[in-house]
Amino acid sequence: MGPCGALGLGLLLAAVCGAAAPELHTLRYIQTAMTDPGPGQPWFVTVGYVDGELFVHYNSTARRYVPRTEWIAAKADQQYWDGQTQIGQGNEQIDRENLGILQRRYNQTGGSHTVQWMYGCDILEGGPIRGYYQMAYDGRDFTAFDKGTMTFTAAVPEAVPTKRKWEEESEPERWKNYLEETCVEWLRRYVEYGKAELGRRERPEVRVWGKEADGILTLSCRAHGFYPRPIVVSWLKDGAVRGQDAHSGGIVPNGDGTYHTWVTIDAQPGDGDKYQCRVEHASLPQPGLYSWEPPQPNLVPIVAGVAVAIVAIAIMVGVGFIIYRRHAGKKGKGYNIAPGSNPAI
């Protein structure tokens, strides 16, 4: 099946998209259980993403897996949906128990609490396969599966009993098999199902600009209108990535099915020419580099002033010439020969 079977304890909500690459594909399931979801809201929700696109959804109100894309609705049969629904209902029941266990372990008697899981895999054609299985409680890391060492990592003391229990119950073997076999098999199948949509490529339109205030030059790089969702936008200074100094706005969907994102970085006013924005996306044959160009001095007022001066001079010359002609004409009338007079001899 697509999602794993009923799970034990266990993840912090992580990015749905993987690193940008021409043939990278990702499958992610994010599962959330809440003690206090709010009026009219389901307390348990699972969503699935292929290449960053939401394709399935389950919640504790409907209690069924439902499609969120046309391609999965068209390709998956009823047996698939019945099987996924059975898994969703099993995970829902286990997370109801998990919320109670964690509240007792943390000595909590009430309040709003949340368990989050993220699990899935990435495949890069001709490259490595990566798998993830993590858990968080109340927004903090709780435990994660290390596929390399076949162990679970306890991020907090309260997670140690869970780590021991899972390792004694052979959970590492089960999750290794899921992440390397089952997950990859279903990801390839989903990519085949949705190849017409998932294979679409829209190049990002990139704009770089800067704004100086209080002695700091803030450089911004915005990529707009790209598809698929995975993208890497980073700032370079003298050719070196400045990841820790940059701030990202996240990847946000547009109304037309594409996405946009932006990344900013602060620099010294005189260092703007040392920075470049690098954009990596499946639609680009190679990473694009974009530089900030400082605005040129505004020549419009100068040109306008010169033009006004030229016009003024022209008007003055014209007026002066007219006055001169009129004055010269008046002098000429006093010396004209009278009509019919003979010339002097």
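Backbone N, Cα and C atoms are what each Cβ position is placed from, and that goes for glycine too.
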Per Swiss-Prot record, range annotated region 'Connecting peptide' [choices 293-301, 320-328]: 293-301
Among CYS121, CYS277, cysteine joined to CYS183 by disulfide in Swiss-Prot: CYS121
DSSP residue counts for the region 'Alpha-1' (23-110), split into helix, strand and coil: 34 helix, 27 strand, 27 coil
Cβ packing number for ASN59 (N-linked glycosylation site), 10 Å threshold: 20
Local confidence of the topological domain 'Cytoplasmic' (325-345) - pLDDT mean: 42
Cα distance (Å, whole number) from ASN107 (N-linked glycosylation site) to ASN59 (N-linked glycosylation site): 28
Packing count at ASN107 (N-linked glycosylation site) (other Cβ atoms within 10 Å of its Cβ): 7
